[in-house]
Amino acid sequence: MGQKRQRDSKSSGFQSKKRKRAANDNAAADANDGWDGIVGADELNWTEVALPDRLEDAGGFFGLEEIEGVDIVRNPGNGEVRFKAKAGKPKKSVLKTKAPEEEETTHDDEWSGFSDNDTDAPETKPSPAVEEVGESDKKVDLKEAKEANKKDKKKEAKQLKKEQKEKGSAIQHDSSIKAGMSFAALQDAEEDDGVDVSAWDALNLSTELLTGISKMKFTSPTAVQAACIPHILDGHDVVGKASTGSGKTLAFGIPILEHYLEKNRDGHGDIIGKKDKKDSTPIALILSPTRELAHQLAKHIGELVTQAPGVNARIALLTGGLSVQKQQRLLAGADIVIGTPGRVWEIMSTGQGLIRKMQKIKFLVVDEADRLLSEGHFKEVEEIIGALDRVEDGDVLDEEDEAPEEESDPRSERQTLVFSATFHRDLQQKLAGKGKWTGGDIMNKKESMDYLLQKLNFREEKPKFIDTNPVSQMAENLKEGIVECGAMEKDLFLYTLLLYHPKHRTLVFTNSISAVRRLAQLLQALQLPALALHSSMAQKARLRSVERFSSPTANPGTILIATDVAARGLDIKGIDLVIHYHAPRTADTYVHRSGRTARAGASGKSVIICGPDEMVGVVRLAAKVHANMANGKRLPLESLELDRRVVGRVKPRVSLASRIVDANIAKEKISSEDNWLRNAAEDLGVEYDSEEFDEAEGKGRGRGRGRQQKQKEAGSVSKAELAGLRAELKQLLSQRVNVGVSERYLTAGRVDIEALLRGEGNASFLGPVDPLGF
């Protein structure tokens, strides 16, 4: 083993001397101050305690002050309480800072110029020590001067090289540019990666945003963008209704960034650099009903900020499931705030000065307003809107000298922008309910405006209502279909539909979290690339599922099984098929679910797997969504007939996979319940007997007994039986679904052997399968 190197005794002695000298100096300084370290409360540097903006009951605790780093010293004689700085705490840091006094004028005589008398000052011979110090100072000055000259020479050489490089690059650019071209043409020549954006000229946007739009490959504005942007730029409140996938995000994102540029320009039209984070006030608050939609809004607006030169707007994303402290730091210097109502209100209500800061916003955007403003869902939205509109008595008193009372209303300068594809309250009625059902037109302008005016406090009496698609809520290139099946055959028909579309990115919607978990395991057991997304997942897991599903490098046949958290606003490119495993409960849910496909002019399909008990709700759904159709069909959804041969051949696969998945889920549930009972028994201090609990459960009667019995049977499957089921399923999945090819006579029938050898057609089937014609 190597020995530790000894420290040099000389250097250690030198360091100890320095420490002693510093300690003696500090002690001498404290002694010279004449302060023994014990002071009264009036001499301490107290700081005021900052209270949250929203405090329900302060109980008289106002004007509190605090101090850190002191100990309490009580006089044993009279009991007087005094304070002393803690050990290691600088004594001056706990004292009040005195006002600076002009001490120089008291000690130094003021210079009054040269005297008229020729009296010379008496000559004083410097001591030898002073002469030595002077000579050493001269040597040091010479060394410093030489070093400074060397540094200056190096800087000059670097500057010359840089100028030569710039001249060379400028000469190269000049040689490639024709004579007579302007600097604007030079800029266009350098940024040749964009597209022609002349169609945007009518909106009178800034050159910075036009450059960003060009780089994002948006050749022309959509209908909702062309209709809404001019009114928003003119300062009006806007209610925008458009079909899903029509570009509503940029319809309010572009005016917000235009205001940011206008606010940050100087008198010459140049953009000012970033301000200090502490001084920045947000210009916009955008509310979203789901975390995924909030992340997508931040991504889209952030992409435009990145592509547009000179736009340095900072975006703060406030959603649940992530660190509150980090989001508070982001909010301190944000220009645009995007978030879900719960987290936004949590940060606003617990912070100091945030509500007053947010009252100065220029834009309040409510995306997917029908969901956010629906009764009983988002109480925090009402709290946020109330806080933004609230005017405290102290606010007017504090600003009497600066502004009149008329300007204290927060709504005077704030624009309210509301966007969604559905606004009518009738769309939120449950389709399968037994109460009074109202059909008819799904969109009535007057009723929608009255509904919004009750919920939101607009600045204008009548905001601009813009409806770019008054006839139908659905996208133009969307095909809608329905598959009728038995109540216990939904898994079978879902798997068959997925086999019909092997290279289609598919989104499957269910009405419950348990169905998402079971279907994800079922499709994974059938060797399909399935992902799960629901509200009980951790936020990072939710983001991971969306990222894997939307990744360009992902399997083109990836399947995302989700609840309605993915129904609104998600803009994922390449979704070809949307399957409703459960019929949607409301018509607006169906509109937003189906809107995940056929976006931005692309084509897509939406299919409902309908059981017998769901038929009434589906008929009502069609009547609501397609009430204004000219042909007047009773059921405008196209009925799809799956090949019964295919359904029969894949049934053994689905049955085996269902048994495996049900056994795994039952074992997990039994284990979790057993652990819960065992922990409860330990907490109570009693013995846990599983057999006694089983006997007690067996004697019970009533609802749910059949389900519990099936769960118990599924959980009793042994590991060997599960291994056998998995081996049998693997054997079936290794073969293609034979739908007409004779194993003995390959050339018999209408089988194209050459096409099979070339791998043409659907790789899931062996033989010809008629397409759905849908």
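Heads up, the Cβ atoms here are built off N, Cα and C, so glycines get one too.
Remember, it's a predicted structure, so these values are computed and weren't measured experimentally.
The feature compositional bias 'Basic and acidic residues' is assigned by Swiss-Prot to 1-10, 135-168. The annotation compositional bias 'Basic residues' is assigned in Swiss-Prot to 84-95. Here Swiss-Prot flags 395-408 as compositional bias 'Acidic residues'. Taken from Swiss-Prot, the feature domain 'Helicase ATP-binding' covers 229-441, and the record attributes it to sequence analysis. Per Swiss-Prot, the feature domain 'Helicase C-terminal' maps to 493-643; the stated evidence is sequence analysis. If you look up Swiss-Prot, you'll see 1-38, 73-174, 395-414, 689-717 marked as region 'Disordered'. Feature annotation from Swiss-Prot assigns motif 'Q motif' to 198-226. The motif 'DEAD box' feature in Swiss-Prot is assigned to 367-370.
In this model, the motif 'Q motif' (198-226) carries an average pLDDT of 94. Counting residue by residue with DSSP, the motif 'Q motif' (198-226) contains 19 helix, 0 strand, 10 coil. Across the motif 'DEAD box' (367-370), DSSP classifies residues as 2 helix, 1 strand, 1 coil. DSSP assignment over the compositional bias 'Basic residues' (84-95) gives 4 helix, 3 strand, 5 coil.
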